[in-house]
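Q: Sharing a structure below in structure tokens format, with a few things to ask.
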Amino acid sequence: MVLEKFPHLLHGGDYNPDQWLKYPDILEKDIELMKKAKINCVSLAIFAWATLEPEEGVYRLEWLKKIVDRLYQEGIYTVLATPSGAMPRWLTEKYPEVMMVSAERVRNLPGGRHNFCPTSPVMRQKIQALDALIAQELGNHPGVILWHISNELGGNGTHGECHCPLCQQAFREWLKAKYKTLDALNHAWWADFWSHTYTSWEQIESPAPHGEMGIHGLNLDWKRFCNEQMMDFTKEEIKTVKQYSNDLPATVNMMTFFKDLDYFKFAGLVDVISWDSYPNWHAEETELKAATETAFMHDLMRSLKKAPFLLMESTPSITNWKPVNTQKRPGMHKLASLQAVAHGSNSVQYFQIRKGRGSFEKFHGAVISHQNTENMRSFREVTELGACLEQISDRVYPTLNKADVAIVFDWENWWAVEDAKGPIVPLDYAGTVMMHYRPFWKMGVTTDIIDMDCDLSEYKIVVAPMTYMMKAGFAEQVRRFVEKGGVFVTTYWSGMVDETDLCFMGGFPGLITDVMGLEEEEIDAIGPHRKNTVSYGENSYSVGALRDVIHTTTAKTLAEYEADYYKGSPAVTVNAFGKGKAYYICSENEDAFFDAFYRDLVKEEAVAANWPDELPEGVTVSKRVGKESLLFIQNFNEAEISMDLAKEYRTVAGETVSGTLFLKPFDCVILIEK
Amino acid sequence: MVLEKFPHLLHGGDYNPDQWLKYPDILEKDIELMKKAKINCVSLAIFAWATLEPEEGVYRLEWLKKIVDRLYQEGIYTVLATPSGAMPRWLTEKYPEVMMVSAERVRNLPGGRHNFCPTSPVMRQKIQALDALIAQELGNHPGVILWHISNELGGNGTHGECHCPLCQQAFREWLKAKYKTLDALNHAWWADFWSHTYTSWEQIESPAPHGEMGIHGLNLDWKRFCNEQMMDFTKEEIKTVKQYSNDLPATVNMMTFFKDLDYFKFAGLVDVISWDSYPNWHAEETELKAATETAFMHDLMRSLKKAPFLLMESTPSITNWKPVNTQKRPGMHKLASLQAVAHGSNSVQYFQIRKGRGSFEKFHGAVISHQNTENMRSFREVTELGACLEQISDRVYPTLNKADVAIVFDWENWWAVEDAKGPIVPLDYAGTVMMHYRPFWKMGVTTDIIDMDCDLSEYKIVVAPMTYMMKAGFAEQVRRFVEKGGVFVTTYWSGMVDETDLCFMGGFPGLITDVMGLEEEEIDAIGPHRKNTVSYGENSYSVGALRDVIHTTTAKTLAEYEADYYKGSPAVTVNAFGKGKAYYICSENEDAFFDAFYRDLVKEEAVAANWPDELPEGVTVSKRVGKESLLFIQNFNEAEISMDLAKEYRTVAGETVSGTLFLKPFDCVILIEK
Amino acid sequence: MVLEKFPHLLHGGDYNPDQWLKYPDILEKDIELMKKAKINCVSLAIFAWATLEPEEGVYRLEWLKKIVDRLYQEGIYTVLATPSGAMPRWLTEKYPEVMMVSAERVRNLPGGRHNFCPTSPVMRQKIQALDALIAQELGNHPGVILWHISNELGGNGTHGECHCPLCQQAFREWLKAKYKTLDALNHAWWADFWSHTYTSWEQIESPAPHGEMGIHGLNLDWKRFCNEQMMDFTKEEIKTVKQYSNDLPATVNMMTFFKDLDYFKFAGLVDVISWDSYPNWHAEETELKAATETAFMHDLMRSLKKAPFLLMESTPSITNWKPVNTQKRPGMHKLASLQAVAHGSNSVQYFQIRKGRGSFEKFHGAVISHQNTENMRSFREVTELGACLEQISDRVYPTLNKADVAIVFDWENWWAVEDAKGPIVPLDYAGTVMMHYRPFWKMGVTTDIIDMDCDLSEYKIVVAPMTYMMKAGFAEQVRRFVEKGGVFVTTYWSGMVDETDLCFMGGFPGLITDVMGLEEEEIDAIGPHRKNTVSYGENSYSVGALRDVIHTTTAKTLAEYEADYYKGSPAVTVNAFGKGKAYYICSENEDAFFDAFYRDLVKEEAVAANWPDELPEGVTVSKRVGKESLLFIQNFNEAEISMDLAKEYRTVAGETVSGTLFLKPFDCVILIEK
């Protein structure tokens, strides 16, 4: 990922001068303060539709061009948005069909954002006309470096789902193209159940709380359709702007653990991956949860295209929309920003440059606050970070993280496993995946995050937790991977259904019975009053609610249940298959189990960690690899940490470091491996 | 209750071959496995409308006849359903008026089940046409032993309530027939309150969250109307099928603590009582709650017609629709199944024979699982139970439980007491009744469950907890019962209102003032921060939120409050009246109080328990009485229990037992009294 | 506040004979029992529309006149209602537009109360026609002493908000009148944010969950509009009845902490303030919360017109609509009733005289219960209170409470601060104000409750907690107040926005920077896992979630944070300004801090308490001042209390008291200062 016009680490953020056109002194002050803060880029026009097209067909782009010009003169580059994130009032007034309809079949009233109907021809036509104009006027401007298509697609509680008549009809067409016959559809959805057999395409309705919710195949196809419809909308916006700006790359800004859109599919649409990160720092006794979830998301973003990505939004200080909006403690701004770079980001960007005066986000942290001064802690910390990014930019730019371990996190499985009824409701797929991710973070082992359609061949270890839905081809890919020497780890509640949520008949897919060397008997789910443990190594580890009861065929038992009617039966197994090995973990165990299990596994498979020694608690090390390799040592403790250095390193400033490394509370130190 | 064509204990369950018509080998495998599991009956066609009538007026019954024939050849009998439980798509598409309308006045979209409008003439006409055809074709088939009318009427969150215009009009007609004049209705509903006086019948609307909710008489009449409308729908289905199959009895499958339909009234419609039981086994530290609630429901079902009933549905292993779906521990399947028989069931039937491949219930336990094999724990336990049922069938069939004690559990009181405002919201009528039921279960004393319209004369003790609504005639019946020597127990919050929820004026009904020998002063309701106790016997027992403050006239005080401003005032009283006695319990006390109180009462009234000695905790004994009497000793402990035998018994196998009886964890032993 | 026709303490309550017209003996019994209970007034016709106008244009007032006559003969005066609180069925049937529409744009169905559309011309015309007739017939009756306009306006969950098309149009007109141009409106609402710029007045819609909720200026203006629309409706009712009864004063009955209507504005409409009080006595370990909240509300009611007010409703025993409806313990009825008088009430009135037989409120406490007898504890306690009120009436009537301290409690700030996003959601403005009120109650210091539009000049101390919105003029008023020697106390999250929720730019209003002598840096919000304390005096006090980080310019630091990154920075400051002082409290501290802080402040400013010594816990003293001053010593402990008397007092009975005063549990003693 290289932005050709400006191949440097970006430092900047969303900038909304359209809210301030009546305040020319504010616009001037902005330039002054941005330069002080070492801002080198801004994102423009994200919500500017009403200012760019104040009446239907009446366009006003002069102000935008003027600002892009001026910024460019001052050395500030522009990420330019297509303003589809929010609709102007004249549009919703004249064409109500552009407004989403909820699952309850109620059409929105005007207001909010991210809530357009992605099917509506009028919506597409109106935004594309404006997009084309913006692209013609600014797409080739030397200061414009990237297209920012729309904003946080599907966000703000819309789930990216519109249930309007146009979407219903498009859904039916989509289904016809997929299934060809109603017979095929009825079988795939197992619709004869409860007499729900469809006898005409017109009978199909999207899932509704006061209608059909019990056909999981319908629910799944609806999620797929909504995802594709949003992709199609985005594709058309990208195509429109690229007509006039051939070489300008495009991105969409993604969100954290956003279930509604399949980002692996969206990755194919865009040139650059970017995302918006708002971790809950300081919300718990330790930063472990926030740090690992954010690290996971960064790794996912990097993995989507196996390339550096952009941290498109983050707050320089606080958010305003959480129940509790906590200030980042001193150091945390630098640490959180460099954490992104450590995992593969080539930018630190903010929401936003200047705080609005009114409405919903006026108390969201920004580089420039209502006090309009540089004399604030957050401004100082932003400025310091800007200096740091300038210092490291040239070294960081040619590097990227490399992984021997991959963790499977698959959107369609996410949709399916949390929608199905049983054995526990609700199931938490993302939380389950995080249980398996955290041990690698603690060891400083780089992981890629992949889905079931990704290539496994480059990895030593592939971990696929709760792979309830076994997508076509995945079982076969796993078999080949293990045969050739790969190590595969999976768990309870895997391999249950195919891609339309139909159960596999006559035993689970070949994968499990021969690759895994075991057969499932039944799955138990039980509350916390029934404690159980598994033995593993020298220790006992407590077990959660889900407990698979299996018997081995060729597998070897590594751990057993220690209580209940399955006492003594296998809890963790390993099976030698071809040149590789396949592990099965039967139950939801406590974190300490996963720490021990993966420590043993990494050791046995000789996977290299980014740090030669065991890391202190709360500290991880990321590694970006190039001609020279950069180690990012991140201290998520609110305490000073010292680490003995096994060898000599250099700092970014060119100094040599050896002996003991001291990290301040919430500090990140960058070392260069010689 | 004798099913003439097959007078044996039934072992079987719901079977949905209509989902598998494209899988002939599966249908064959089903027969093979059912016979192995000693299944002797199945329930067919419950959700088969779409398969039986794939297009309007196009009927396809051949597959069903073929399956009934084949099953009969294999010795498997059929319980045949009318398939009104779920509507086909062509019906909802062409006649939207068949779909329920919610209290919010929103019509359902197609989908779900149990959600038809019971008033709709089209719905009735279409289902009856199909019912007639099914009855003509199969009503006299030698293998068909029972009509299963519709399914779980009013279930799946519908509350059996449709608020569509047709239902509104029918409700108004129903009210006209009941009240004759608006004057009478306005008085009965106390509608002058808040100016809600009705001046035309057309002004009447069913209760609505955005309309009228404060007229409790309206709310009550609405529940009565909905109940009667559903009865009328059911009556017509029964009439339709019986036209062609005069001798075939009919049932509806009832549900656990199902508030919306008055099963005492439904009992009059059907020939056989049946119900679906899904207890929360293993959900708590002990099985006490699950065991007693299930026992209560079984007793209720038996009491509805004072006859054996059928356990129409239960799971052979797990459910899938609860938040946590726990496997039955080894032994529990047999224990839970024989618990039903112990209380009067003549069957153990399952949902379902074969697990579906897709949609909502694919993970619900079934006799045959996706693995399609007999080599599973649940299949083995089902098979063992089948053998047991075969062994005991002839002995059990001519017996029935007999009770000296009755507990009043009245649907209209349930509706009224939980709808009224004050003194505590919410009140839990069923939970309150259970407090009074549990002591009898612990003592092994058989109880009938009756409502206020039932005859009291055959009982020694009648317990009527929280009889807030005093139905016309009940007070008089109680008076006669006590006069003639009966023992009557009632509690706080009794005798407040008449059948339209109008308060009795000038003191409570004669019942309380003279039969009970006391007058109420006020009722206190207070939170758990204000602890109080009542003295009873040698002990103090803690008191819950509701505390009646009374003074006695002729009654004797058995217990007093020990704190607060009513310290020293009566908490439990007894009044001699005629040849009998009337007890009044002023407060919601802890379980230990009720255990002590009813132990004393049973002793004093010389009520015979089913077991001569005190029972170990978690163990109860039920008794089915005939020429010989069968004792079912049920161990709900997950531990072995030993009990000393006071005399000699025989086993079902004909062996003599004496000395000490050993029960395994979750075991049920059947002994025959000589 | 003097009701000229009956200048005595009122003792009475709501009376609904319209529910009992068919029961003449009940109506007679009512008179008998009211006289026994020393009732001297009743409120009539509150929900009698359907009885007064049973058909459109057909009026029946004879029954009402007869009852007013009869009561007057018996010495019972009438507070006469306009019956707009609930609509008759014929009205909602013929004119559906009178029924409110919810924010979801769903029109109510008939039923409920307080839910008319205040804009509807038909509603206004119909009620005014009836009001005029009532006023003509009874407005000059010698027994009628006060107009009771409608009932609990905006109550019963309606929030006083109707979103119907008529209200939308009226809202737009209101906005046009306020802003003149869309440009001005767009700026005030900061509507360019998210492209929400309005380009025609018709685009404006009231806030909706499925539309616009993020424009806080819109939300605020909508609350203001709804408030004014309800005022306008009320004004027209008052004008209508006064046309025919010139001298009869009018009131509306207000509610406890009722956020939706700005009672400071309503105070200008009416002649007499009255309110309905239903405290949660006995709901917690101590009565502190209930007692102080009720005291606050009484003080607010008195402050609204700086005059005595009426306690229009209270329960003689229990409510029925709370989750737990607890009986008042012996003594509490007298204590709670005299608490009202102590704070300035000239009445104790009840809901209601007689319990209804049916519908929603039949279990609400009343003077006369279903038993229809005087032989009940609550009747006796009511009677005793009646005697007490008779005894003290002449002494109490000419007195009123006087305050040196005022607490700011501003409705528009309430709307704004709880609507804004950040730093914590939800914020509790009323709860925050109570933290500052309680210390004064504990010291027996009289406080007035004022809003930002009130005059500050008469007070020594003004406390303005969380004054997020700084209304135009308030900052200037505070500056003058302090300059002239006043003491002003404010807190974190003050002075953030102007009246349209736009942030002040370039630092906070002059008030804070020079009067307060400090500058804000940032506000931290954090959960309870991050404990912190502030040092103050000799002690440390724990800190809540909100923590302002400031630095002083001219202010002196009185307390510091003791932990976190702002350890050692100011937590409480004081600034000398002109002749006065300004205090700033940076964080939400525990109660003990406020107790200590205000104890010091009251001492330093020599504010006189109503009792010379420190008061026992749970005891407060109120003082009504006139030619002679009355002290109300209120013991909210359920225990006897003794207090040493510093001097001699007289009792109302004329006796001299000295030495030690004994108060029974829940007692109130009245002493006269010599």
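Cβ atoms are placed via backbone N, Cα and C, with glycine included.
Below, the features straight out of TrEMBL:
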type: ACT_SITE; residues: B:Glu152; note: active site, proton donor
type: ACT_SITE; residues: B:Glu313; note: active site, nucleophile
type: BINDING; residues: B:Arg113, B:Asn151, B:Trp321; note: substrate binding site
type: BINDING; residues: B:Cys117, B:Cys162, B:Cys164, B:Cys167; note: Zn(2+) binding site
type: DOMAIN; residues: B:14-391; note: domain 'Glycoside hydrolase family 42 N-terminal'
type: DOMAIN; residues: B:403-607; note: domain 'Beta-galactosidase trimerisation'
Q: For B:Cys167 (Zn(2+) binding site), write down the residues of its own chain that are at least 6 apart in sequence and whose Cβ falls under 8 Å from its Cβ; none is a fine answer.
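A: Set apart from B:Cys167 (Zn(2+) binding site) by at least 6 residues yet with Cβ under 8 Å, we have B:Val101, B:Cys117, B:Pro118, B:Thr119, B:Ser206, B:Gln229.
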Q: Which value does the mean pLDDT take for the domain 'Beta-galactosidase trimerisation' (B:403-607) in this predicted structure?
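A: Mean pLDDT, the domain 'Beta-galactosidase trimerisation' (B:403-607): 96.
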Q: With a CB cutoff of 8 A to chain C, go through the recorded positions B:Arg113, B:Cys117, B:Glu152, B:Cys164, B:Trp321 and name the hits, or write none.
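A: Qualifying residues, whose Cβ lies under 8 Å from chain C: none.
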Q: Cβ distance under 8 Å to B:Trp321 (substrate binding site), same chain, sequence separation 6 or more: which residues?
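A: Set apart from B:Trp321 (substrate binding site) by at least 6 residues yet with Cβ under 8 Å, we have B:Phe360, B:Glu361, B:His364.
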Q: When the Cα-Cα distance from B:Cys162 (Zn(2+) binding site) is computed for each of the recorded positions B:Arg113, B:Asn151, B:Glu152, which gives the smallest value?
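A: Considering only the listed recorded positions, the nearest one is B:Arg113.
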Q: Measure from each Cβ of the binding-site residues B:Cys117, B:Asn151, B:Cys164 to the Cβ atoms of chain A, and list in sequence order the residues where some distance is under 8 Å, or 'none'.
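A: The answer is none, since no candidate qualifies.
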Q: Within the same chain, and leaving aside B:Cys117, B:Cys162, B:Cys164, B:Cys167, name every residue whose CB is within 8 angstroms of the centroid of the CB atoms belonging to the recorded Zn(2+) site, in sequence order.
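A: Output for this site, in sequence order: B:Glu97, B:Met100, B:Val101, B:Pro118, B:Thr119, B:Ser120, B:His163, B:Pro165, B:Leu166, B:Gln168.
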Q: At its widest, how many Å does the recorded substrate site span between Cα atoms of B:Arg113, B:Asn151, B:Trp321?
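A: So the binding residues stretch over 17 Å, Cα to Cα.
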Q: Mind checking which of B:Cys117, B:Cys162, B:Cys164 has the fewest other CB atoms within 10 A of its CB? They're the binding-site residues.
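A: Sparsest of the binding-site residues B:Cys117, B:Cys162, B:Cys164 by Cβ contacts within 10 Å: B:Cys164.
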Q: Please classify the secondary structure at B:Arg113 (substrate binding site) using three-state DSSP.
A: coil
Q: Under a three-state reduction of DSSP output, how is B:Cys167 (Zn(2+) binding site) classified: helix, strand, or coil?
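A: In the DSSP reduction, B:Cys167 (Zn(2+) binding site) maps to helix.
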Q: For B:Glu313 (active site, nucleophile), just count the other CB atoms lying within 10 A of its CB, please.
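A: Other Cβ atoms found within 10 Å: 21.
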Q: How long is the line from the C-alpha of B:Arg113 (substrate binding site) to the C-alpha of the residue listed as 'active site, nucleophile', rounded to the nearest angstrom?
A: 17
Q: Once the chains shown are all counted, how many other Cβ atoms turn up within 10 Å of the Cβ of B:Arg113 (substrate binding site)?
A: 22
Q: For B:Asn151 (substrate binding site), what is the tally of other C-beta atoms lying within 10 angstroms of its C-beta?
A: 25
Q: I need the CA-to-CA distance for B:Cys164 (Zn(2+) binding site) versus B:Glu313 (active site, nucleophile), whole Å please.
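A: On Cα coordinates alone, these residues lie 31 Å apart.
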Q: Check each residue in the chain of B:Glu152 (active site, proton donor) that is at least six apart in sequence and keep those whose C-beta is under 8 Å from its C-beta; list them in sequence order.
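A: Looking at Cβ-Cβ distances below 8 Å from B:Glu152 (active site, proton donor), excluding near sequence neighbours, one finds B:Gly85, B:His114, B:Asn253, B:Met254, B:Met255, B:Asp276.
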Q: Rounded to the nearest angstrom, how far is the Cα of B:Glu313 (active site, nucleophile) from the Cα of B:Asn151 (substrate binding site)?
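A: The separation of the Cα atoms works out to 11 Å.
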